[in-house]
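Summarising the annotation, Swiss-Prot assigns GTP binding site to 107-114, 189-193, 247-250 and lists sequence analysis as the type of evidence.
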Amino acid sequence: MVLDNLGKALANTLKKIARASSVDEALIKELVRDIQRALIQADVNVRLVLQLTREIQRRALEEKPPAGISKKEHIIKIVYEELTKFLGTEAKPIEIKEKPTILLMVGIQGSGKTTTVAKLARYFQKRGYKVGVVCSDTWRPGAYHQLRQLLDRYHIEVFGNPQEKDAIKLAKEGVDYFKSKGVDIIIVDTAGRHKEDKALIEEMKQISNVIHPHEVILVIDGTIGQQAYNQALAFKEATPIGSIIVTKLDGSAKGGGALSAVAATGAPIKFIGTGEKIDDIEPFDPPRFVSRLLGLGDIQGLLEKFKELEKEVEIKEEDIERFLRGKFTLKDMYAQLEAMRKMGPLKQILRMIPGLGYSLPDDVISIGEERLKKFKVIMDSMTEEELLNPEIINYSRIKRIARGSGTSTKDVKELLDQYRQMKKLFKSMNKRQLSRLARRFGM
């Protein structure tokens, strides 16, 4: 989960309010101290923390709850609203108004910028846009090959020339090339910057003046903490920052530094990086993000993941009919596990469900994820005949499958039991129910 430690601390603070027998000034001040402690531990700038919590305390002490709302509920609402305001109030997506829309990506060395360029290209491709990527990073020889490696499999073209040393010329040629190809979006990758490197910042300005981007996007490493504050200011002076993408938030204890950067620049966070895979990027929506952070769930986000999956998976009418007749195979189950994997880490999905929040321990979630991975490995060790006709799997085959997958016979039997339960469930459902379920889980 993004900002996991901060989320747990804030969720526990809200639980303290919810469980209190009554709400008085002392409890409100204790709440404020807990929030301050949680944000400072997440490396949010102290001055910004004090501004935020002063407003929470003022509102909690002065405002009267609307009719039908308890004092506790109103205080939780205040915390939610102020944190949302702190992060930008509302989602501000990148607007694709003109074709081509040109996006210039800038960032500190090691921020994950080049990987983020690939993620963004894939994100827009999945939504029906034709995307071209320009590599104008002449400082890092491997940048062009890295982009090719990430994007070739998705048939997203990358323009670059590892021998060319003029970044401005390369950027201009790349943009002109993709304009002639009629793409919808051109994403221009640049060399990693450092706030002290004036020559590189000057080059960035010159590229901007030549290609005239519709938006300049600053990529910030979520693990650097408060350093993000000063780096964002340095970029603010160098070029108008249209927006921010924060990377590496999935495992960072210092992600709060990114919040400081947003407040410093006044630029909205438009995307966040939530993992290492190319699909691990999501639009940043402050209300939904804060809702998840506080353990309140994100149903809209969950539904969007289902919808995205539906677009990628083709469901055939004959498959639905087959499942209804009880003809559900291990190969179908394998497809289901693959679809679940595409939705993202189990931990991330569970955080979107209201009521679960942080109530499930990480070790329990980890066991669930490991079990799914193990099932997939076991099925990889089966023959095509066994996947299509699981009834032929006797004890001799179970032993062979266990040896081939590096698991135990008990693990293989557990998978087969799970398969039989699913087969029984599908056979008992009507066509409409099964069709809906199949579309959601990629069968």
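The backbone N, Cα and C atoms fix where each Cβ goes, and this holds for glycine too.
It is Gly110, among the binding-site residues Gly107, Gly110, whose Cβ has the fewest other Cβ atoms within 10 Å in the structure shown. Cβ-based neighbour count (10 Å, all protein chains) for Thr190 (GTP binding site) stands at 28. DSSP assigns Leu249 (GTP binding site) to coil in the three-state reduction, placing it in neither a helix nor a strand.
Annotation note: Arg193 (GTP binding site) sits in a strand segment as assigned by DSSP. All protein chains considered, the CB of Arg193 (GTP binding site) has 23 other CB atoms within 10 Å. Neighbour density for Lys113 (GTP binding site): within 10 A of its CB lie 26 other CB atoms from the protein chains shown.
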